[in-house]
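Q: I am attaching a structure below and will ask some questions about it afterwards.
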């Protein structure tokens, strides 16, 4: 039988052996390799098929692993956001009337108990007021929220307002209805405006309503300002805010409105009541306050309801009843340690000093506050005309400068040329001629203090530095300044020697050392063997300098 032409080119599939599983996998990998090399990367043709497949598998596994990790991070961020409401750097409360003291949570200062930095009867009313969006550590009182005045640097206190405390408000924007194409007033928030923004030829409201309140005739529930013809609601009268340019809306007020406080016939606006600054002569606008009214990062509330500035806490001046704002402050010691007989004076700087310090001539603010000048340390300038007598330090006598109004401190002075002629024991210093009795008496008559050096002994009531052979005035003992080279005048100080005799001093917690309060931190505590409280006080000053803390 003869073959048909072309029959030799037919393939007999029945005779072909099937591929194994491994051959199929290898075949698929070769196909994938060919696709990659021809589609995106020609260099893949030189790589083994197995390597390419393994790389692809690792990429897929990485993507799958990233999905649960992303979900975990998102959940953690939400949880942290919820917990962040506890960021309260000023949570100082009286242990009897407020919750337990919280801790601050700022940077490496975490864990410092604020109770060690504030008196126990003074609160900062944590949780009250409005936290500025751009600076959460800056808190403003609720009375300044949505009042038409930007108190936060970012103006966030005037954003998203649902209700205004200002005299005028308008809708924040006007949206168009997409179906009717008509403008409909959609009011998610309000714009709060003070009276000075009305009728000033500047459109602040989207609908221009702030420029349309000036009318010839006002409605029954309005009154007209004579200065700019603005029609304002009657509730704007006697609210402590001059809404009319001539102030006529705040004259002859028998009663005050909108939370304003009455002083005589004057109304103090609500935002100035319980703000730590007395507007009334009797300070009644700062009494009977609570945390809602006395809130803010610069305020402090005394247990008796007095609102004070936070800078007034532990400043050496009693602002709360019975001086509770000065009790148990860092660097203080027990009040029982002071002698009840120690007299104190309030000088022209409104700070209190012991009479011995105030009348020794070293505090200029007290020169006219003393009933009697120290007979040894000072010179008494007589009262002349309407002036009061003054106590000046003795080194100012015969220095060529008239410190007394009548020049009494420069009278009866021996000229330098005649010094030692009639009295051989006289000596000179700083263009002065002094008697020998003025040497080594524990009083600095010379500005360079040379009259108290090279002393074998000192007068009674003074201090002798054995290492330096010099005499010091008694008031220099434990004043925070080491006059002796060995520091012996500042060692083993008692509470009364430190705080009982000096102002503006800091008593180290356990080392019986006194330091000047403005020098105790540099920036860390300079106290020997500084305690937790000493360190916390200096940490507080770090926060203060960054605008984030109490004092």
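First residue shown is number 1, and so on along the chain.
Positions of Cβ are set from backbone N, Cα and C atoms, glycine also.
Quick paste of what Swiss-Prot says about this protein:
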DISULFID  132-152  disulfide bond
DISULFID  199-214  disulfide bond
DISULFID  218-231  disulfide bond
DISULFID  225-244  disulfide bond
DISULFID  256-267  disulfide bond
DISULFID  263-280  disulfide bond
DISULFID  302-320  disulfide bond
DISULFID  381-404  disulfide bond
DISULFID  398-413  disulfide bond
DISULFID  440-455  disulfide bond
DISULFID  458-471  disulfide bond
DISULFID  478-493  disulfide bond
DOMAIN    124-162  domain 'LDL-receptor class A 1'
DOMAIN    217-254  domain 'LDL-receptor class A 3'
DOMAIN    255-290  domain 'LDL-receptor class A 4'
DOMAIN    293-330  domain 'LDL-receptor class A 5'
DOMAIN    372-414  domain 'LDL-receptor class A 6'
DOMAIN    418-456  domain 'LDL-receptor class A 7'
TOPO_DOM  1-49  topological domain 'Cytoplasmic'
TOPO_DOM  71-551  topological domain 'Extracellular'
Q: Given the disulfide-bonded residues 132, 152, 218, 267, 471, find the one whose Cα is closest in space to the Cα of residue 280 (disulfide bond).
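A: In terms of Cα distance, residue 280 (disulfide bond) lies closest to 267.
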Q: Sort the disulfide-bonded residues 214, 218, 398, 458 by C-alpha distance from residue 440 (disulfide bond) and give me just the closest.
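A: For residue 440 (disulfide bond), the spatially nearest of the disulfide-bonded residues is 458.
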Q: How many Å separate the Cα atoms of residue 152 (disulfide bond) and residue 225 (disulfide bond)?
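A: Approximately 30 Å lies between the Cα of residue 152 (disulfide bond) and that of residue 225 (disulfide bond).
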Q: Looking only at the recorded stretches 217-254, 255-290, 418-456, which one has the largest tally of CB-CB distances under 8 Å to the domain 'LDL-receptor class A 1' (124-162)?
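A: Ranking 217-254, 255-290, 418-456 by Cβ pairs under 8 Å to the domain 'LDL-receptor class A 1' (124-162) puts 255-290 first.
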Q: Among the disulfide-bonded residues 225, 263, 320, 404, 413, 471, which ones place their C-alpha within 10 angstroms of the C-alpha of residue 455 (disulfide bond)?
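A: So the list is 471.
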Q: Taking all residues of the domain 'LDL-receptor class A 5' (293-330) together, what is their mean pLDDT?
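A: Per the prediction, mean pLDDT sits at 85 for the domain 'LDL-receptor class A 5' (293-330).
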Q: Would you mind pulling the DSSP three-state label for residue 471 (disulfide bond)?
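A: Strand, per DSSP.
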Q: Across the domain 'LDL-receptor class A 1' (124-162), what are the DSSP residue counts per state (helix, strand, coil)?
A: 6 helix, 5 strand, 28 coil
Q: Check the Cα-Cα distances from residue 381 (disulfide bond) to the disulfide-bonded residues 225, 244, 263, 320, 478 and tell me which is shortest.
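A: If we rank 225, 244, 263, 320, 478 by Cα distance to residue 381 (disulfide bond), first place goes to 478.
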Q: Reduce the DSSP letter at residue 455 (disulfide bond) to three states and note it down.
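A: Assignment for residue 455 (disulfide bond) reads coil.
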Q: Is it possible to list how many residues within the domain 'LDL-receptor class A 6' (372-414) are helical, extended or coil according to DSSP?
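A: Each residue of the domain 'LDL-receptor class A 6' (372-414) counted once, the result is 6 helix, 8 strand, 29 coil.
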Q: Cβ-Cβ under 8 Å from residue 398 (disulfide bond), same chain, 6 or more residues apart: which ones?
A: 409, 410, 413, 432, 433
